[in-house]
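Data block below; observations after.
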Amino acid sequence: MADLKPYIAKAASGEPLSLGDAKAAFDIMMSGQATPSQIGGFLMALRVRGETVPEIAGAVASMRSRMIPVIAPDDAMDIVGTGGDQSGSYNVSSCTAFVVAGAGVPVAKHGNRALSSRSGAADALAALGINIEADADTIGRSISEAGLGFMFAPMHHSAMRHVGPSRVELGTRTIFNLLGPLSNPASVKRQLVGVFAPQWLEPLAHVLKELGSETAWVVYGDGLDEMTTAGTTQVAALENGQIRTFEITPEEVGLRRCSPAELKGGEAAENAKALLGVLEGKDSAYRDIVLLNSGAALVVAGKAENLKDGIAQAVQSIDSGAALAVLQKVIAVSNDKPA
């Protein structure tokens, strides 16, 4: 039986692991050969020392080798946050996904239940009536027929069951918060990824490049793992094989600045109700932050020339009812009913 202890010792001493060592360590954890104490110790050793790009890439390689894939169009994208930002904000990326799909871009959305917050993507979507435990074929059909499919991480990364209890008991972010956005079961090549801390902007952009992404924006919004309308958003953009960094404020793209308190969410049912309100056309700070993120996603998808153009398309997606129609179709298809 393989042993995680040498890798724990290495990480605890402050020594970085090579990509190969990281993959080996994650293979041990993902195959159920490590105890919860060992998993917790290893994850926290990495967290305290600071995870490296090779360690993240090795961990992703381990996860991808075990995942149940989903078939999606070549131009599909993912819109996802790492979680772990401790903000308790609304489910911005989930709402954004419906708006982007309503604008004509297929979305293969990867997400999980809350691990360090009150309501994760899966919690809110389940509260809306989406069957988050649909199988891979049904999700593929949802993407092709409704424009969006939701892939519940534990269904596609069943090996995660070995580390799930340790993550919940730790109650704080770990390397796994970084891995979710990098382990999309539909192997999308375009991503809008939010991170929980600015030091991860460029490293994750480099990891995405290494993993074959064509276009991606990695964003941090002043305390949020999304683009923000309550402050300045920092972006590391992977475009044409190059990575550039820049900042965006809401005012420069014609959106109102709000206070962080206006973006505070609640439990899953409350967040689901607020999400539905945005798709039904209600004006709010939540709508504005969704418009900003949707505009960026449409730029990443190649559907919009710039952020202002993307925001205009997002407004049209909501106000025409297209985004709401996507939600209704996803609910139907995920529950095996005609769209």
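Residue numbering: from 1, along the chain as shown.
Note that Cβ sites are derived from N, Cα and C of the backbone, with glycine treated the same way.
Database features, via Swiss-Prot:
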- GLY81, ASN112: anthranilate 1 binding site (BINDING)
- GLY81, 84-85, SER89, 91-94, 109-117, ALA121: 5-phospho-alpha-D-ribose 1-diphosphate binding site (BINDING)
- SER93, GLU226: Mg(2+) 1 binding site (BINDING)
- ARG167: anthranilate 2 binding site (BINDING)
- ASP225, GLU226: Mg(2+) 2 binding site (BINDING)
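Recorded features from Swiss-Prot, shown on the structure.
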{"residue": "GLY81", "record": "anthranilate 1 binding site", "DSSP class": "strand"}
{"residue": "SER89", "record": "5-phospho-alpha-D-ribose 1-diphosphate binding site", "DSSP class": "strand"}
{"residue": "HIS110", "record": "5-phospho-alpha-D-ribose 1-diphosphate binding site", "DSSP class": "strand"}
{"residue": "ARG167", "record": "anthranilate 2 binding site", "DSSP class": "helix"}
{"residue": "ASP225", "record": "Mg(2+) 2 binding site", "DSSP class": "coil"}
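Here HIS110 (5-phospho-alpha-D-ribose 1-diphosphate binding site) comes close to ASP78, VAL80, MET151, ALA153, HIS156, GLY180, PRO181, SER183, ASN184, PRO185, ALA186: these same-chain residues lie at least six apart in sequence, with C-beta atoms under 8 angstroms from its C-beta.
On a Cα basis, ARG113 (5-phospho-alpha-D-ribose 1-diphosphate binding site) lies 12 Å away from ARG167 (anthranilate 2 binding site). Comparing CA positions across the binding-site residues GLY81, ASP225, GLU226, the one lying closest to ARG113 (5-phospho-alpha-D-ribose 1-diphosphate binding site) turns out to be GLY81.
Taking GLY81 (anthranilate 1 binding site) as the reference point, the binding-site residues whose C-alpha atoms are within 10 Å of its C-alpha, out of SER89, SER93, ASP225, GLU226, are SER93, ASP225, GLU226. The subset of binding-site residues (ASN112, ASP225, GLU226) lying with their Cα within 10 Å of the Cα of SER93 (5-phospho-alpha-D-ribose 1-diphosphate binding site) consists of ASP225, GLU226, given in sequence order.
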